[in-house]
């Protein structure tokens, strides 16, 4: 702040810096949308390992191609992913002609033990439901005890205000325990707050009651004398969740709703994702046209889309490339790979089966970004396909030459090098299209720059729109672009040849200033992959000496 001098002497004034560092965003966060064994519905969950996927979504399942895609993503160098589990409609439990969304298993705990005939007694005081729809929740058991700090403090044992809750997943051999939960919903340790950290259950809302609320009067710390001592084997010592139904999603469940943020639109709540995979998306003549909506979503979110198509022959791939249902403006954000890959399937005793390739390629992209940078094509002898036995369709160079000009990236098995990604084009990269976004690394680098600048220039909003602001913009954006140049992201031998940052009076005339607009022009000279290596060999005539 300005110094207010009052006496002769030296004053120190700290000036604000004009440097606002722009940090590059992640480039290889993969998003997977599809069915899973368990887990929350229509909610993006960030994971950093396949162990996270196993813990939250139940791991591998033969029926869920998404689980295999995530598995292959991490086998090929993937690091971060967003998972969205989607579900379809199921029959109403009491009205067969009515459809309802898939629903979770649940249990109601009462403040009195059952009557002698086994019928429930007392008021429902705690309602718990599985964290996601499906019959997996029927494997959950819960029990309450009152070994709390309240006992140590001499609280009234007849009317405890605190309780402990234990949840056990028999199938996964997983257990969660939450201590000192308050019966007071206004307390910081109420059930809702405490269970926010649970992966197994979420609290439901018990029905209203005019009677004082008590958490089960029957303290189930010990099994009744003479009976099974293991509280998880004795049904008198725990309660089991019941119900729960899940059905595989259909087309509309994948697409979801933008306003409700369901299906793939749930990814709008994710911080960032760079590539989208939907390996379970149902393909037929009707649903294929919906791929354009997925590609359009990726354009909007500045991400890429790798569609998984059940193509079984080179001819089928050629025909599909000529008539692909993604519109031309959206093809720049999609990349098609052929064929599928043969991989051991852990869900089938590691039998070698044909598997969709999007998870494999998303992992290869991530590995290439770490090793070389997003400006390096995820193809070539360094782009090995991990854990792949072979491509489902073997092809030679001539067959590869049929698909490559049509922007189909081929997966090849080459002598010595093994299984490789042998193509680096977007779906806009067909030779006849002559599109500026022909090459995958060029498009992905552009998306990286766009997202980084979008996030890194928020400070500009509402600043005075004049030369001091423009100079600061040039300084900070220029520093970001120069850093990329130093890493080898652009063509050119010096910054003037490699990139351009313009923000001055020339592109910010007064009428734009009056409208509250500041224009920033950023250009770059992209590195394009050496797709065709031409070696010219000439025979030199020997020198004739006389």
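Positions of Cβ are set from backbone N, Cα and C atoms, glycine also.
Values in this document were obtained by computation on a predicted structure and should not be read as measured data.
Between the listed ranges 62-91, 92-121, 122-151, TrEMBL ties the annotation region 'Disordered' to 92-121. Checked against TrEMBL, the range among 15-41, 177-203, 204-230 recorded as region 'Disordered' is 204-230. Under DSSP, residues within the region 'Disordered' (92-121) fall into helix, strand and coil as 0 helix, 11 strand, 19 coil. Looking at the domain 'Tail sheath protein C-terminal' (434-538) alone, the prediction's average pLDDT is 95.
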